[in-house]
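Engineer: Can you read through this structure? Questions will come right after.
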Amino acid sequence: MTNLRKTHPLMKIINHSFIDLPAPSNISAWWNFGSLLGICLIIQILTGLFLAMHYTSDTLTAFSSVAHICRDVNYGWLIRNLHANGASMFFMCLFLHVGRGIYYGSYLFKETWNIGVILLLTVMATAFVGYVLPWGQMSFWGATVITNLLSAIPYIGSTLVEWIWGGFSVDKATLTRFFAFHFILPFIIMALVIVHLLFLHETGSSNPTGINPDSDKIPFHPYYTIKDALGLILMILILMSLAMFSPDMLGDPDNFTPANPLNTPPHIKPEWYFLFAYAILRSIPNKLGGVLALLASILVLLIIPLLHTSKQRSLMFRPISQVLFWMLTANLLTLTWIGGQPVEQPFIIIGQLASILYFSLIIIFMPLAGMLEDYMLEPKFP
């Protein structure tokens with residue numbers, strides 16, 4: 001009798017995706033983040049589901065309902081802390097996953113990469129609408145400031161903003177629809193993840209060398225299931241430590257004050273994972289220009305496959321490009337720091353220089369470095 005997992009229509013799909021999947025024999029720990037992101041998504045959906053059972057999306061009771069979850073619901077404090085810090089873990093894994101893709105040339109799987117960028121944008125949208133739900137000061141003012149950016153769109157801008165608000169300001173209608181968006185988007189993300197994996201399994205994984213790994217493949221199970229399990233244990237350890245010991249470390253103290261439309265907080269800033277984009281937005285003194293730069297900061301990822309000039313896929317054997325990659329990493333950390341600082345000198349000029357460098361590195365310097373390295377590697381006989 002043949003094995004059930006190889007014949008049953010449903011089991012067959014699971015088998016080809018997670019058990020008998022041929023995987024390169026030399027993929028490093030940087031390839032763990034895909035599975036970690038899957039686990040993060042499951043954690044967020046489950047904790048979110050239990051939070052939604054007790055949350056009320058009404059301006060009068062939203063803040064109180066979150067306090068009620070933390071005080072009166074069995075393990076409500078834990079569910080809420082896991083959900084809030086789970087978002088931080090999600091973005092940490094996302095940034096590392098994208099960084100891995102850039103470093104090792106995974107973006108040359110164009111369909112997988114493009115779906116990945118759409119996924120990144122969808123997760124960012126989900127996190128933004130989710131941050132509004134507790135209806136604290138930073139929730140309210142964050143929603144007001146970011147939705148207001150759409151008014152920079154010529155002609156239809158102000159109409160569009162009022163349409164999204166469902167009125168003339170961020171109010172009950174806005175909160176209700178943001179809750180609806182926050183509930184539906186994770187399921188859309190799940191569908192996109194399946195498409196992401198579908199495209200990935202068409203080509204198979206890349207590997208650190210950037211060389212075609214077809215000649216040396218090993219089954220996913222048990223080799224990479226056990227490796228992913230180790231990554232999972234480490235991530236759960238970090239997440240639980242955060243949620244148990246310092247759950248509010250990454251949050252904003254202003255969000256412990258109920259939303260008040262009459263009182264603006266001194267420094268409006270998003271969660272840490274949006275600070276780099278927020279810094280780029282603020283570095284341009286023009287409203288429409290800032291919005292376009294904000295969009296470009298993420299959408300620039302879509303043109304990375306077109307900017308690949310090197311004959312080698314990975315940066316593993318390309319020292320000049322490696323230096324530029326780590327400059328880009330340091331630059332993003334600088335932007336993250338600047339995004340959390342007040343709008344005053346020297347932070348303004350640092351933010352502007354870091355924003356220029358961010359785009360220059362991706363669009364100009366890295367493609368040039370690829371061409372230079374190719375030229376240096378060409379045999380030059382007399």
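Glycine too: its Cβ is placed from the backbone N, Cα and C atoms.
Residues or ranges marked as heme b b562 binding site by Swiss-Prot: His83, His182. According to Swiss-Prot, the heme b b566 binding site annotation covers His97, His196. The annotation ubiquinone binding site is assigned in Swiss-Prot to His201 on the grounds of similarity to another entry. According to Swiss-Prot, the feature transmembrane segment maps to 33-53, 77-98, 113-133, 178-198, 226-246, 288-308, 320-340, 347-367, an assignment based on similarity to another entry.
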Engineer: Between the binding-site residues His83, His182, His201, which lies closest to His97 (heme b b566 binding site), Cα to Cα?
Structural biologist: His201
Engineer: Give me the long-range Cβ neighbours of His201 (ubiquinone binding site): same chain, 6+ apart, Cβ under 8 Å, in sequence order.
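Structural biologist: The list for His201 (ubiquinone binding site) reads His16, Ser17, Leu21, given in order along the sequence.
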Engineer: Taking 33-53, 113-133, 178-198, 320-340 as candidates, which has the most Cβ pairs under 8 Å with the transmembrane segment (226-246)?
Structural biologist: 33-53
Engineer: Could you state the whole-number distance in Å separating the C-alpha atoms of His196 (heme b b566 binding site) and His182 (heme b b562 binding site)?
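Structural biologist: Here the two Cα atoms lie 21 Å apart.
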Engineer: How many neighbouring Cβ atoms, not counting its own, are there within 10 Å of the Cβ of His182 (heme b b562 binding site)?
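Structural biologist: Looking across every protein chain shown, the total is 22.
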Engineer: To see if you understand the setup: which same-chain residues, six or more apart in sequence, place their Cβ under 8 Å from that of His83 (heme b b562 binding site)?
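Structural biologist: When sequence neighbours closer than 6 are ignored, His83 (heme b b562 binding site) has Gln44, Thr47, Gly48, Leu51 within Cβ distance under 8 Å.
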Engineer: Quick one: do the transmembrane segment (113-133) and the transmembrane segment (33-53) reach 3+ CB pairs under 8 Å, ignoring pairs fewer than 6 apart in sequence?
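Structural biologist: No, these stretches are not in contact.
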